[in-house]
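I have placed the structure first, in the form of C-alpha cells, so that the comments after it can refer back to it.
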Amino acid sequence: MSATEQPRLTRASSRGATPAASPRKQSATPRKAARQLSATPGPSGGTPGARGTPFGSAIRSRIPATRSRIGAGARAACQSEPSSPRGASSGSLLGEDGPVLLDELLPPGLPGEGDGFWAAVGAGGGGASGAPTPSSSDNIRVYVRVRPPSSREEANGAQPCLDVLGGQTVVLSDASRPDPFTATFDRVFGPEAGQEELFAAVGAQMVENCMAGFNSSIFVYGQTGAGKTHTITGDVARGEDGALAEQCGLTLRVFRQLFDRITDEERDGVRYTVKCSYCEVYNEELSDLLAAPGTRAAGGLAIREGDAHRGVCVEGLTEHVAVNADDVMALVQRGSANRHTAATRMNERSSRSHSVFTAVVEAAEAQPDSGVTQVRFAKLNLIDLAGSERVGKSGATGEQLTEAKSINKSLTTLGRVVTALTERQQHVPYRDSRLTFLLKESLGGNSKTSLVACVSPCEDSAQESHSTLAVVNQDTVGDLRALQLENARLQRELAKKEGTVTAELRAALSAAQAQAAAAEERASTSEGRVAAAEERHQQLEAALNESHSSLQQRNAELALVKKELEEVKATCALLQKDREQLIDHNAALAERVDSLGGGLERAESAAQRWEADAAAAQQRCDTAAAGQRAAEEGSRSLQREVERLGADLARLGTELQASREELEESERSKKALRREVEQVLADLRRQQREAADSAELAASREARLRGELAEVNEALSARSQRLHELEATLATETVATAKYRKMVGEIGKLIDWAQSTSPLPPVLGGRTSPAGYHSSLFGGRLSFGVGGGSGLVSPLAEASNQLRASLGSLPPSAGPRPKATPGTVPPSLSPSKRLQVASPAGRTPVASPSKFR
Ligand SMILES: Nc1ncnc2c1ncn2[C@@H]1O[C@H](COP(=O)(O)OP(=O)(O)OP(=O)(O)O)[C@@H](O)[C@H]1O
C-alpha cells in the first residue's frame, strides 16, 4: 500500500484505541476479504481492493502504463484544439467585479480548454484526430452524466449536440465551433442511464471506500438545471413495500448499502455509529440545514481547523445519529426543505447554494487479545454544488446576481484547490472559499473523490456543456506534469542502474576474458587442454550472457523493489508512529489493567452498556443541544428582562433611597415632635401637678374661705341681728333724728332769718318763723356738717358710720340712703366704686364682693 493510500484511521477510543490501522486490520480475514473483493467493480473496471488496500494492486500496477498514455493523449488534445483558443468560445460569466469570461475561471497557467483540472482522467480528445484514452486515478474519478432533454427543451425543438461513444467518451458538436469537442472520462452515462446504474458505478465504490476507512466524497457539478440534484437526491419517496422509487438518487442508495455493510460487519463484532450533518454554503455563509427552526446563527457558522484527530470542524453544526437509511433520508428531506432555492429561467427549483451532506462513520472494534478497542473514522460527503451559470443567459439580476457571483467564485476556488493538489503545489488555497475549507479533508490526502459532471444534451446549452466538460477535464495537465516528473526520475534511476550494471558486467567480462586467456595459455600446452579451455570459454560466455540477462532482470526487479520499498518505508513510518502510540497506549493500559485487576471484566461489560447508551445519549444530546439553543434564546430574553428589571431596580433603588431619606427626615421630625410632645406632656404633667397643687390650694383656700365664710356668715348673722337691733334702734332714732333734723332745720332757718334783714320770720312747722328759717330734708351729713362742728353730729349717725367702717365693703344699710350731691361721691358707694375702677374692663374682680353679700 502506498503512503497516499493509507486509510484515514484516526482517533483512539477513550478506552485506549489504536489511532491507526493495525497490521491486523489491514490483512482482512479471508471472509471479509472475500466479501470486499466481491463488491461492485470499480467504474473503470478496477476491482475494489481487499480491506485496507482499497483500489487493490491490480489497479495500481496498471496505472503507470495508463498514465503514460494519458499524458500523450492530453498533450495531443491540448494541441489539437486550434479552433478554440482561450476565451474565444468561452461563455460569459459574472465574476465578483462584473462579467468575466468562463476561461478566466480556469486556473492560471494552464494551456487551452482541452485541459481539465479534475483528477487524472482521460484527456480531452483532439477533435476528429484525438484518440480518446481512458484512465483512472487512485483518488479522483470523473464521470459525465448527460440527462434526457427536458419537456421545455423538447417543446422548443432543441437539437441534441452530445454523443456518447463507448461508455467513456463524449463528443460535443457545437455549431459555434468547426470541430467537435471530444473528451474521455472514467465513464460517461447517456440519457438512458438510470439511477441504479449510476449508483452501481459511482456510489457503491464510495461505500466500500468509506468502509475501508477512507474519507469519500461524491460531488455533482454542472450547469444549472443539468441534473445535479436529480443525481444526488432524486425522488426519495418510498413505495408501500419500502421499495426505492426508480428515480431515487445516489444518497438513499448509498446509505442503504452502507447500512447493509454495517449490519454485515456488526455480525463480526464491530460496532458502528453514523452521525450525520447537513449544511449549505450560500453567498459564502455556512449554515446548518438541520438546525432547529429559529436557531440559525446570524452571519453563518465558523469553520475551525481542529487538531490532527478532529480535522476541520464547523462550530455549532448539529450532528444527528442515524441507525438506518430511512433516518438519513428523513434528515436529507428536512435539510433540503431549508435549502436556498429559486426559480430560474433554466430550472424551476434551482439550488442557489452548495450543499454538503456528511456522515461520519465510526467503527469500534474490540481486540480480543489486548482488550483494546480500536476506533476508526471515515467521512462520507455528498456534495450538491450550486449550478454554474452564464449570467447573461440566465438573466439573473439583484439577489440572484450576487448568488451567481458567489457560486462562480467558489467554483473557481474549488478548481484552484484541485489544481494545487494534483500539481502537488506547496500551497493549496483551501481557505479561499468556505466550500474548499469545509471540504479540506475530503479533497486532499487520502480521500477518495468522485465527480459527476452533469450536462444537458441540447444545443442551446452547448456552451455550458462545453465549459463543464472542459473544467472537469483540466486536471489532466497537473497529472501529466506529475507523470512527466516521475518519468524523468525513473529515467535517471534507470541510467544510474544501467551504469552500475554495465560496470559490473564489464568487470565480469574482463574477469572471464582473463580466465579465458589463462585457459588459452594452459591449453596451448596441451591439445586436450585447449579443447577443455574452449569448452570452458563457451560455458563462461553462456554464464556471462545469463548473468547479463539476470542482471537486467534484477535491475527491473530492483526498480520495482525500490518503489515498493519506498511505499513500505512510508507505511513503516506510519506504522512506527502507530506502534509508538500503541506502545505508549499499551503501557498506559497495562498500568490500568493492573490497577483494575478483576474489575476489568465488569468495566468491559459496563463499557459495552455505555457504548449502547452512547448512541441514545448522543441523540439526547442533539435534542438537548436544540433545547439548549432554545434555552439560550430564552436566557437571552431573560437576560433582557433581567436588564430591564435591573434598570427598574436601579430606579426603585433611587426612589427607595429618596424614600429612606424622607423616612429618616420624617423620623427626625417625628423624634423632634416626640420630644416636643414629651416636652408638652411634661409641661402638661407639670401644669397638672401645678393645677392639682392649685386645686389643692384652692380647695384648702376654699375650705379656709368656707370656714371664714361660715365665720363671717356667723358674724354676719350676729351682726345682722345686731343690725336689726340697730335698725330698730335706728328706726327709733330716725324718728327722733327726723324730729331733731326738723328742729335743726328750723333753727337754721331762724339763724338765717336772724342774720338776714328780712322782717318776716321764716315759716316753721307750717307756721312762719321769725328768723326766715325753713326746714330742709337734705341728708344728715350736710345737716350734720352744717356748722362744721362735730358737736352737731348725733350719736346715732356716729354709730352708723362706725358700723360701716367695720364692714368695709358692706352695702348701704337697708335704711334710707342719703342722696348724692352733684360732684360728691356718696360715702356708702365709694368702696365698690373703687373696686370697679381698679379692675380691668369686663373682668370679675378677684375677690368678688358677692360672697360677702
Ligand atoms: N437524468 C435525468 N433523468 C430524468 N430527469 C432528469 C435527469 N436529470 C435531471 N432531470 C430533471 O431535470 C430537472 C432539473 O434537474 P435538477 O434540479 O436536478 O438540476 P440541477 O442541476 O440540480 O439544477 P440547479 O443547479 O439549478 O439546482 C428536474 O426536473 C429533474 O427531475
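Including glycine, each Cβ sits where the backbone N, Cα and C put it.
What TrEMBL records for this protein:
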- 1-16: compositional bias 'Polar residues' (COMPBIAS)
- 1-109: region 'Disordered' (REGION)
- 80-92: compositional bias 'Polar residues' (COMPBIAS)
- 93-107: compositional bias 'Low complexity' (COMPBIAS)
- 139-478: domain 'Kinesin motor' (DOMAIN)
- G222, Q223, T224, G225, A226, G227, K228, T229: ATP binding site (BINDING)
- 473-729: coiled coil (COILED)
- 806-853: region 'Disordered' (REGION)
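Of all Cβ atoms in the shown protein chains, 26 besides its own fall within 10 Å of the Cβ of Q223 (ATP binding site). Counting other C-beta atoms within 10 Å of each candidate's C-beta, the binding-site residues G222, G225, G227 are led by G222. Listed in sequence order, the residues of the same chain lying 6 or more apart from K228 (ATP binding site) and placing their CB within less than 8 Å of its CB are V220, Y221, G222, S351, D384, L385, G387, V452, C454. A226 (ATP binding site) counts 27 other C-beta atoms within 10 Å of its own C-beta, drawing on all protein chains shown. Counting neighbouring Cβ atoms within 10 Å of each of the binding-site residues (T224, T229), the lowest count belongs to T229. The average pLDDT the prediction assigns to the coiled coil (473-729) is 73. T229 (ATP binding site) falls within a helix when secondary structure is assigned with DSSP. The DSSP secondary structure for T224 (ATP binding site) is coil.
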